[in-house]
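Here the structure is laid out as structure tokens; the discussion comes afterwards.
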């Protein structure tokens, strides 16, 4: 049909011509009429012969353009980049749970170095103190070095920490190494969610945000499985391999388009990054997305980006409160106490199942639960996952507290020896479904581009400082008021987390980053109402 139309248009007189006018040549000049009769006919025959060929060429060109515009994009490269950067979460997982199988050996003197209970609490908790420092460093480096180079730097710091642990003897070097490992963890927890939020398509942002928890749990399980059954040095070597592997893989990935656009002359690199991440999609969609990102970055550049700007208006203050509250509920669920002291907790239960095997069971279940979370994030809402998570953690923390209460009150708990392992398994499952991954995903969404670095640093530092306080005081408080009281306090905090989610957490799912900012700043009345009442 298009070919026939082209032929008909080519054979008909040109616009504005009259039937009696002399025919015109292709350049618009009048054709010569020598001999007065046959020349016009020859010229018309030549035109009629050329028009089908030209029409066919135009049709082929249009078909090629149509084919190019309809070429579907692929998410394969996006998932590859997301999985590769989340190898950093695996590194963080190893650093966080290395103390679980190792502290028992250190206290028993099995490693050639015997430490006291107080020194043991410092070795376990200093990683979280370093993690509170790491985000501050990340806030300085993220815009200067870019997201990618900042993450690569964290891998270098992590590798150095493992080398110190394995090579340099002494408790002081162990302290230094644990702080350094924590700094790397803090950078990872700041930079990785930001990188994921910036490279992800809107429809995949929630599910990709949950991948961090999965890889984090892989690191947990690696330490739980290898640690109890190998030597001190072997575990260090296995742990050292993780940052080396992450660095070797992630170095080939592109930086995020936003990070590239912040730097002078980075537009071409940003286009190349976006084209690769979107799987070489249609050019019009690519240009449109890049223009939207440029607009967001340009607007952010016009705005002030100092730390004080986080508290300069109502919308930013809301974002800070929401982000800090979500990571606070995460820590107050008791997760870091469970992870860093899981083997010692199981030893306190006195059940027949060995502490090492119990810890491996918990780690395995945690891995399976974290693997399900991205799928569940696609078929249900983020809010519903948070509801399930808060309720589940409240019940399991309370049940674990009840077991310890019965045990310490002198009751025979041999018939319910299965309860601690079951409670912790269910606690881990519900934690991984919601309050494990989602606070970090929310953090990556609710801050404007110009404030993301500082805001992420503040949130992550607050999270890990709270984690340090909880892990350092856990033994002291447990001895003072009973371990059962500690777990009951965690259960009450989970109830408060549920109430916060129900009444104060904004609805960010299915919204662009700009729409989220409009909600926080009250620029969209209907969405803002949903934020406060959902």
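Backbone N, Cα and C define each Cβ position, glycine as well.
TrEMBL does not curate its annotations; it predicts them automatically.
Features reported for this protein in TrEMBL:
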- 1-70: region 'Disordered' (REGION)
- 46-58: compositional bias 'Low complexity' (COMPBIAS)
- 74-509: domain 'Major facilitator superfamily (MFS) profile' (DOMAIN)
- 76-100: transmembrane segment (TRANSMEM)
- 120-142: transmembrane segment (TRANSMEM)
- 149-169: transmembrane segment (TRANSMEM)
- 175-196: transmembrane segment (TRANSMEM)
- 208-226: transmembrane segment (TRANSMEM)
- 232-253: transmembrane segment (TRANSMEM)
- 319-341: transmembrane segment (TRANSMEM)
- 353-372: transmembrane segment (TRANSMEM)
- 384-406: transmembrane segment (TRANSMEM)
- 418-442: transmembrane segment (TRANSMEM)
- 454-475: transmembrane segment (TRANSMEM)
- 481-505: transmembrane segment (TRANSMEM)
Q) Residues sitting near the transmembrane segment (76-100): Cβ under 8 Å, six or more positions beyond its termini, same chain? A) 123-124, 127-128, 151, 154-155, 158, 161, 181-182, 184-185, 188-189, 191-192, 195-196, 199-201, 204, 208, 211-220, 222-224, 227, 235, 239, 242-243, 245-246, 249-250, 253-254, 276-279, 336, 339-344, 359
Q: For the transmembrane segment (208-226), name the stretch out of 120-142, 149-169, 175-196 with the most CB-CB pairs under 8 Å.
A: 175-196
Q. How does the model score the domain 'Major facilitator superfamily (MFS) profile' (74-509) in terms of mean pLDDT?
A. 85
